[in-house]
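Participant: One structure coming up, written as structure tokens, with questions to follow.
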């Protein structure tokens, strides 16, 4: 009997090993097939571009690529440039940029069909002939929305998302889908299927995330306008890291994802899943006027009819074009995660430039950021201890950049309680910065969840009350940057407090590049001690080191539904930084 038992146990163990090996091999085959399909698409597009080059060798692509969006649309509208020439110029450049940075997840071959369709139209939309790139998870008919996950590889979208339909109605040509971090919940840009995306200015650096593919493609010159999404900084961080302008609108101002993904957690980042901290779709481009034109094009009757949940509020050109002096609140640190010296310098220099231009600047320290970050933001997504998020990795390979967060969530509940108990006495000494995914208190009942939602509304009311008391039009504040070395974002989830705040508040917020990292900034970084000179501060210092010449940006914020006012301040900042 003992021999039989040993034999049975051995057979069972062998069966488990064999099953695990087969499962892993099946996952690898799916990933290999996805990569092969992507690579074949790139080769086909390269061949099509080469054929166009042979047919019209005289095309001056550099001249086309150098045109700002507003000027390019004017040339297309008047007919001095053709949509075909512009599309192939950007396809050729996108091929070059993705070869260097791995920013594309997939070309959209149907862009040629859209090109033929708009060429036959009598009415020209506001984005007539403009090639547009879109983030991986924004549905385009016949294409996958992968989120960098194997479980999402099998089901192409059955229809275009509302956003894509409106873009096409306005004459735009969606031509590429860009790479994202696995599960979208990271501000690096890497997944095990399509690999790591690099910053076009420095390949040792990250382009940011989760709209990192968009950031790299636009910054590299391979797209003139892109659509990303943002639930903790996913538009603003790539814009900061890559030197772009990016706008996170009020969440409900732009919707348009009409096909929810396979897992509820993934829908949090695309405004499809109910959450007290909503995600937002928004534009990314090289200048502020491009963002304004995109918003004007999208906020049209077609959008309001296709998605009746979008408030029918057209773009207010009068507010955006106004030259009246603004009353602007400002701060250069939120007190939670002090940013590198160059980012604080950017706010201080921009404040002085705005004052010199006739605007009124008022100190405005944001209230209770430790509470917002630890209790409101993180708890919104990890109220169940991270179980819903871990579920998306079932039958998948976890990307190395996500392993710190995944491992924290995998700590058993008892272990998390013990860890929280051990760290609790230290939290006051270290200004509560030991709080992370492993130690977040969970919502143990529906009542606790409702109370959590209520606390977010209470904080929003408190913040707006303080804003109103100071009679502010907008706020100038820092954004995380400069670009991190790849791999570091996964170690510093809580460093995003500068952008996260305005997701909790659901305020429109945008990023504008105003400077670059100097040698003096690099010297100042050596003296940086952060908040407490603790391991988090040391890690941040390592993450941003070696960034001389990389973009430095600031963040501009307005009250809900006042995207035009936010863009107005962004335009003023952009103009002043160019003059400087």
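A Cβ is built for glycine as well, from the same backbone N, Cα and C atoms used for every other residue.
Because the structure is a prediction, the values reported are computed rather than measured.
In case it's useful when we look at the structure, here is the feature table from TrEMBL:
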- 135: active site, charge relay system (ACT_SITE)
- 210: active site, charge relay system (ACT_SITE)
- 234: active site, acyl-ester intermediate (ACT_SITE)
- 184, 210, 231, 232, 233, 234: substrate binding site (BINDING)
- 86-567: domain 'Amidase' (DOMAIN)
Participant: Within 10 Å of the Cβ of residue 233 (substrate binding site), how many other Cβ atoms can you find? Include all protein chains, please.
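Facilitator: Residue 233 (substrate binding site) is surrounded by 31 other Cβ atoms within 10 Å.
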Participant: Can you check which residues sit near residue 232 (substrate binding site), meaning Cβ under 8 Å from its Cβ, same chain, 6 or more apart in sequence, and list them in order?
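Facilitator: In sequence order, the residues whose Cβ lies under 8 Å from that of residue 232 (substrate binding site) (at least 6 apart) are 187, 377, 496, 499, 500, 503.
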Participant: If you draw a 10 Å sphere around the Cβ of residue 231 (substrate binding site), how many other Cβ atoms fall inside it, taking every protein chain shown into account?
Facilitator: 26
Participant: Far apart in sequence but close in space: which same-chain residues, 6 or more away, have a Cβ under 8 Å from residue 135 (active site, charge relay system)?
Facilitator: 177, 178, 180, 210, 211, 213, 214, 226, 227, 228, 229
Participant: Can you give the mean pLDDT for the domain 'Amidase' (86-567), rounded to a whole number?
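Facilitator: Taking every residue in the domain 'Amidase' (86-567) and averaging pLDDT yields 91.
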